[in-house]
Ligand SMILES: [Fe+2]
Ligand SMILES: [Fe+2]
């Protein structure tokens, strides 16, 4: 059992801008693992921070916790146009992840947000909630990954056909996401290379999700494409961020070189992502610190 004082200690660590970002992330992941109203309240308070990276991770964690008590704060963040697009995006996605149909109307409202990443996120979240309603009562097929994804994996298993669906920009984003998660679940080099091709598709939201999924898959074959996307200064920072984290998760020597090359990037969210990713690299290669309960998406699937 964790005492109230220990939860408070974690909360204070999370809120303290003087503490190293890595330490604040670890506090966040521990709070997320603990769950409950006190953890949600501490996490909610950190949305006044000025690191978009930290704030987007708060929203991500609240979504993964799937606790309806986090809905009000997530709606506030989605509505708040002073928050960075990446943070509002993650709040919208988290509202979809929680799975409560009460947020359908607000998500429909923000499906036409002028910020394209926010609009596309809300469109996807609406589709997810509708899909859940249509399939309620059916047994859920649990894939090898523990994350709550913005779309269910496609039923198709053939990697070649999934690749075609993934890269077909005429298809609805929701269907392409379903192909993306099915490719991740399939795993292997062919799937990793098909996903990496997605880093050249049109939607920044789609490309960032490719980065995320490649981080879960942790296949070395995707490293050159991830490093190239991280190195493109014109690429959307949200995409570059996700590629940096994926490189940290794959954790091979070539990844370390790419991350070090951007550890002083002019884009803050990229720089901070590299910092956190280098820390994760040390974790993956067996360093002192254990990431408490947080980045299951960055770990290999349970065998
Ligand atoms: Fe995201
Ligand atoms: Fe992210």
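Quick reminder: no glycine exception, Cβ is built from N, Cα and C everywhere.
Bear in mind that TrEMBL entries carry predicted annotations, made automatically and left uncurated.
Annotation source TrEMBL lists Fe cation 1 binding site at 56, 57, 89, 90. Feature annotation from TrEMBL assigns Fe cation 2 binding site to 208, 209, 241, 242. The repeat 'HEAT' annotation in TrEMBL covers 70-110.
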Which binding-site residues out of 57, 89, 90, 208, 209, 242 lie by ligand 2, going by a Cβ under 6 Å?
242
Sort out the sequence-distant neighbours of residue 89 (Fe cation 1 binding site) for me: same chain, 6+ apart, CB within less than 8 Å of its CB, listed by position.
56, 117, 118, 121, 205, 238
Using a Cβ cut-off under 8 Å, which residues of the same chain at least 6 positions beyond either end of the repeat 'HEAT' (70-110) come close to it?
40, 43-44, 47, 52, 55-57, 59-60, 62-64, 117-119, 121-122, 124-126, 128-130, 132-133, 148, 150, 205, 237-238, 241, 269
Counting by DSSP, what is the helix, strand and coil composition of the repeat 'HEAT' (70-110)?
34 helix, 0 strand, 7 coil
Out of the binding-site residues I have (56, 90, 241, 242), which ones have their Cβ sitting under 6 Å from ligand 1?
90
Per 10 Å Cβ neighbour count, which of the binding-site residues 57, 90, 209, 242 ranks highest?
90
Other same-chain residues whose Cβ falls within 8 Å of the Cβ centroid of 208, 209, 241, 242, the recorded Fe cation 2 site, in sequence order:
207, 210, 211, 212, 238, 239, 243, 245
Integer Å distance between the CA atoms belonging to residue 90 (Fe cation 1 binding site) and residue 242 (Fe cation 2 binding site):
13
When the number of other CB atoms within 10 A of each residue's CB is tallied over all shown chains, which of the binding-site residues 56, 208, 241 has the maximum?
241
Roughly how many Å separate the Cα of residue 90 (Fe cation 1 binding site) from that of residue 209 (Fe cation 2 binding site), to the nearest whole number?
11
For the recorded Fe cation 1 site, enumerate neighbouring residues of the same chain (Cβ within 8 Å of the Cβ centroid of 56, 57, 89, 90, site residues themselves excluded), in sequence order.
52, 55, 58, 59, 60, 86, 87, 91, 93
